Amino acid sequence: MHYPKVYDVIVIGGGHAGTEAALAAARMGRQTLLLTHNIETLGQMSCNPAIGGIGKSHLVREIDALGGAMALAADKGGIQFRILNSRKGAAVRATRAQADRVRYKAAIRETLENQANLDIFQQAADDLIVEGDTVKGVVTQMGIRFDAKTVVLTTGTFLGGVIHVGLEKSSGGRAGDPPSIALAQRLRELKLPVGRLKTGTPPRIDARSVDFSVMTPQPGDFPSPVMSFMGDVSMHPEQVNCYITHTNEKTHDIIRGGLDRSPMYTGVIEGVGPRYCPSIEDKIHRFSDKDSHQVFLEPEGLDTHELYPNGISTSLPFDVQFELVRSIRGMENAHILRPGYAIEYDYFNPQALKFTLETKAINGLYFAGQINGTTGYEEAGAQGLLAGLNAARRAWEQEEWTPKRDQAYMGVLVDDLITLGTKEPYRMFTSRAEYRLMLREDNADQRLTTIGRELGLVDDVRWAAYCEKMEAVERETSRLQHVWAAPNNPMGKKFVEMTGADLSKECSAIDLLKRPNINFGQIAELTGSEVSQQVGEQIEIAVKYEGYINRQHEDVAQLKRLEETKIPADFDYDVVSGLSREITQKLKTVRPETLAQASRIPGVTPAAVQLVMITIRKNNMTKKTA
């Protein structure tokens, strides 16, 4: 059947990348189709039941600032919230939400089903319709043809997916779901640069068989933080504890004894696993000097006894899993509900993508999520939103948009993937961002919401809330600049009494806030401020980090000069005098779009960038005089 409706955007896959891609395109007014193999698994958390964390929550906030769904779903489904790095600087603080899988998934599905311009259809996609070098649509498992101006692929671990438990293996996209074999074969036919990666998940445990009394409880923060700029604590369901226990030498001996049947250590798995989320057998091997490793027992939801033992991801045979779980303190009688497993899947070298996440080889075809070599819900959601918005803009022949490294962690993510490529699952960290003081979790809305409004991603309600917040920041900052404390006036005396600090001369409230040990809460009490915690936080950070932020702005100005120098798509690196063969080959492989991108390619020296710049200028001069 040839479906009668022609779509602007078709999104294949209903995971974290696919849902954000479909929602973004639909919010922008494009006729959008979301194809999923199973409507019941839309927004499913296939691995750990959590959103956020170091570097990751920055991405979630950016998705949220652009009108995305992930942060609000985390607020509606979160059963424990914590601020990580709370004693460190604002740049590296991160929010983490332990999520109820069912509630999170329900929140995502509700958002999808109530989004205008979005159709959902349950069918696996088996083929892409490509005419010349342009995608024209999709063919499903039943042979239904859907036509579209653009297609976004967000296939997760489903492309050629193989599940491993010990030396046993079976085809699967994840436990209980079939893989995407036909589509994987079709993509290989298109001569895109394909590789194999792997990820894994731990066995799930029945909480009724665990002795929590010998474990360390890990409560959430109080007052509870929120994930979304539009979130409220009233959205949160009941809050619960997680628990911490540890592996021991007995556990490690059991694991070592099973390595001869490990698919990782017998060469059965060829794909590379995530460096920063290693399996327990990998930890024992890589950190052989450690006597124990932490295990976090995380509830999977309020209406289930299922626990996620974070820290013991494994693909060892089930009998070894059984023994290693029962060797851990408090889990001596643990009942395993589901075995752990590893999954191996196809991914495509992201260096074959443009910065918009469109493939260089096929016009109108976009990739987002694990297909690009990343790991994590947050990384997937960020790519999905960018791919969806750019597919939407291309469909209407509008200029596409991708944030720069100084604008967003999304920009860092895309630039890293396309400039450096990846041979292992890529995870975001704050350390990857050179301008992280400007790219804080708390100011994602200030960086992106105005842009999102211009792109059509941000609705009236979010825009009004953002404008109200920024007006409040401006008003309160101005007020505090005109409130004065002096050694002999009542406010000055109150300040000294309250803080025990010295006050030798007249100071504005803003000047007092600049002091290292003074916080906005104290200034609010001193001056009778009634602004929200969010507004107070913005004022405090802006005041305390002003000098550092200004210095980063100067660094960004220098970078922008390089960013503004575009490298023509057909630039001939062979004619650049003085470039080594090695550097020439690297530049020809990556095909950087700007001098700034060229400077970030490993092995490309500043001198080489200068040579390219001189050649570009010579070419431009020649064209002008011709």
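Heads up, the Cβ atoms here are built off N, Cα and C, so glycines get one too.
According to Swiss-Prot:
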- Gly13, Gly14, Gly15, His16, Ala17, Gly18: FAD binding site (BINDING)
- 273-287: NAD(+) binding site (BINDING)
FAD site shell beyond Gly13, Gly14, Gly15, His16, Ala17, Gly18, criterion: Cβ within 8 Å of Cβ centroid: Val11, Thr19, Glu20, Ala21, Thr36, Gly43, Thr154, Gly156, Ala368, Gly369, Ala380, Gly384
Gly273 (NAD(+) binding site): tally of other CB atoms within 10 A of its CB: 21
From Gly13, Gly14, Gly15, His16, Ala17, Gly18, the binding-site residues whose CA lies within 10 Å of that of Glu281 (NAD(+) binding site): none
Length of the line joining the Cα atoms of Cys277 (NAD(+) binding site) and Gly18 (FAD binding site), in Å: 23
Of His16, His285 (the binding-site residues), the residue whose Cβ has the fewest other Cβ atoms within 10 Å: His285
Integer Å distance between the CA atoms belonging to Gly14 (FAD binding site) and Arg275 (NAD(+) binding site): 26
Spatial neighbours, same chain, of Ala17 (FAD binding site) - Cβ under 8 Å, 6+ residues apart: Thr154, Gly156, Ala368, Gly369, Gln370, Ala380, Gly381, Gln383, Gly384, Ala387
Three-class DSSP secondary structure - His285 (NAD(+) binding site): helix
Spatial neighbours, same chain, of Lys283 (NAD(+) binding site) - Cβ under 8 Å, 6+ residues apart: Lys290, His293
Spatial neighbours of Phe287 (NAD(+) binding site) that are distant in sequence (at least 6 apart) but have CB under 8 A: His293
